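*Asks:* Dropping a structure here in structure tokens format, bear with me for questions.
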Amino acid sequence: MKPFVATLFVILVVCDVSLARTEKNENEKITYIVHVAKSIMPTSFKHHSIWYKSILKSVSNSTKMLYTYDNAINGFSTSLTIKELQLLKSQIGILKVTRDKQYKLLTTRTPEFLGLDKIASVFPTTNKSSDVVVGLLDTGVWPESKSFDDTGYGPIPRSWKGKCETGTNFATSNCNKKLIGARFYSKGIEAFTGSIDETIQPRSPRDDIGHGTHTASTAAGSPVSNANLFGYANGTARGMAAGARVAVYKVCWTVFCSISDILAAMDQAIADNVNVLSLSLGGRSIDYKEDNLAIGAFAAMEHGILVSCSAGNSGPNPLSVTNVAPWITTVGAGTLDRDFPAYVSLGNGKKYPGVSLSKGNSLPDTHVTFIYAGNASINDQGIGTCISGSLDPKKVSGKIVFCDGGGSSRTGKGNTVKSAGGLGMVLANVESDGEELRADAHILPATAVGFKDGEAIKKYIFSDPKPTGTILFQGTKLGVEPSPIVAKFSSRGPNSLTPQILKPDFIAPGVNILASYTRNTSPTGMDSDPRRVDFNIISGTSMSCPHVSGLAALIKSIHPNWSPAAIRSALMTTTYTTYKNNQKLLDGASNKPATPFDFGAGHVDPVSALNPGLVYDLTVDDYLSFLCALNYSSNEIEMVARRKYTCDPKKQYSVENLNYPSFAVVFEDEHGVEEIKHTRTLTNVGVEGTYKVSVKSDAPSIKISVEPEVLSFKKNEKKLYTISFSSAGSKPNSTQSFGSVEWSNGKTIVRSPIAFSWKL
């Protein structure tokens, strides 16, 4: 039983399954996260944990505390009845009580695709990069993977405070000088689902699902030669920061990840002294003061830890981007220049493009009978989606079956066809998926085609009295153009919480990514699949997130004193938004030019990010001013920032003035004349020089001015500028327009995207 992996394309969808638990039973206990005003702790208590226990004891003598949080938030988690909950809320010092929520989880080519091979000689595995620690909150780790080989590594950094926890099938010897930390958290998930069934998953840091091993090796895996999946994508696999150390925090299990467990892991990771935190998980966007993940990320940021999170897999729907807090680096997904073509060849001589990670060795050399699943269903039900048990073996045996998408997992459909005696499968996208193709490691010869091609193939099957066909597998193809393309599934802006903050921040490789995997499950996640692999190919923003986590670690190793905001700025202002032919990056959903609401600042370019020239830096005080601009009360700010802070009533706070490396300009009235000003501060992290500004815009009705237009910098000097956006009062042609502002010294370009929108 491991259905988890088969649904990786729909990861990152928050499941408020805790809300499904009724409160009819007064004795039923539900898990809550309790935020406490630590600033008013009575002096009689020597430690906040003692105070928390005292508060809880005043509510119930039987209720136990799941976790006490020391760093991520001020508070604790516990399970309470309705009566206990109401009593707890009345206690002095309780700021807010929120329900525990359950989240679902949302490479051999990417180093070359990103240009890391050009600078590989600068980053041997034993230089400063080996002092940087990347922490990953995921499904654990398969420590035997060669991606965690520690050959050539020196002593573990003295700054490291973490450890290797033991558990089922996991010993301290499973850690080494590369994999320096491994922990697991299950109290929250067990409070919801009951005790973990260790026949299904081990109570330890060991990864039985594969997702965590995949993300960890993508971020910071050691180089492994001849890595591949069934011969596909063969080459040397290495993480983005191949020399960095890895620490894993297992918070996700077969079904869910609990926010109480996630917070506990973030709390510990801060104490352990990780440098980067990678979270390929998240949920729907909710107010920052309600979002415990965002609150934990604020604490990490304050400790100098860059937090990288997936943007979500709910694209191409607008307003779908998640993890939008400005102190989180939000990563969308793009394609690589690599594909796995497998054509459908029909008896009428026509060929249609498809993709596959399965082999065609068992298919005959000649065409065979082709049949539509809807015409081969049991009891003539007309079901074409190949759901389990739906096909009649008498009609399917020895044939290639055409299956419609939807209704069950993609690889599960192949299992249905194989179980019924089919030789192969052609799987067509549903209309909403369009023409974007997904490669799967099917258990029989199979390929996936787009919706339009699928309709054409069905038309042939229906019109020819004896339809035939076969699948032509072409292996691995490199140099695919155009690339990158914004993945259709990648979640899009605008930012539904704070539209003045552009999200996602940028995109990184997230489609068909090869990385290490567990050997305790198959590449499809199906029990009926006996295959075991060392590497698997998976897609999703879960894959793009660790790319950026690793790149951040790489930058941190070269610039150890840079703040998380400076590192993100370096990655954002050096992105690219056009191909080599100067055409704009494409959107995989529409095949039209993508916009900053699709890709943020653009696609990451780590080579340029190492020397960005100028950065937009941010401090904790800047984020506190941002919360004041949102009109947060002092109690609400204390929840997020874990301290007493009162906004200055004499000061005019503005969301637009957060020193972010992008601009999202929201006009209130499409007809009125309106001026919006943004103030920014640039810090010189390069050589002394003079930068001149230039502005581009596709909104002729918007006048843009920058003051001053020239900035001269000494080393490490900061300079302020103001950019004004004035609407002419005429009705815009579109509710959205875009542009950019660039500062250049003749060699280095520091570019920020601009997104205009109108509230109609």
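Even glycines carry a Cβ here, placed using N, Cα and C.
Model, not experiment: these values are computed from the prediction.
TrEMBL lists these features:
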SIGNAL    1-20  signal peptide
DOMAIN    31-105  domain 'Inhibitor I9'
ACT_SITE  ASP138  active site, charge relay system
ACT_SITE  HIS211  active site, charge relay system
ACT_SITE  SER542  active site, charge relay system
DOMAIN    657-755  domain 'Subtilisin-like protease fibronectin type-III'
*Asks:* Mean pLDDT for the domain 'Inhibitor I9' (31-105), as a whole number?
*Replies:* 94
*Asks:* What are the DSSP helix, strand and coil residue counts for the domain 'Subtilisin-like protease fibronectin type-III' (657-755)?
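*Replies:* Taking the domain 'Subtilisin-like protease fibronectin type-III' (657-755) as a whole: 1 helix, 61 strand, 37 coil.
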*Asks:* At the level of the C-alpha atoms, what whole-angstrom distance separates ASP138 (active site, charge relay system) and SER542 (active site, charge relay system)?
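*Replies:* Here the two Cα atoms are 10 Å apart.
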*Asks:* Rounded to a whole angstrom, what is the C-alpha distance between HIS211 (active site, charge relay system) and SER542 (active site, charge relay system)?
*Replies:* 9
*Asks:* Going by DSSP, how much of the domain 'Inhibitor I9' (31-105) is helix, how much is strand and how much is coil, in residues?
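*Replies:* Helix/strand/coil tally for the domain 'Inhibitor I9' (31-105): 23 helix, 26 strand, 26 coil.
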*Asks:* For each of ASP138, HIS211, SER542, count the other CB atoms within 10 A of its CB; which of these active-site residues has the top count?
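*Replies:* Output for this query is SER542.
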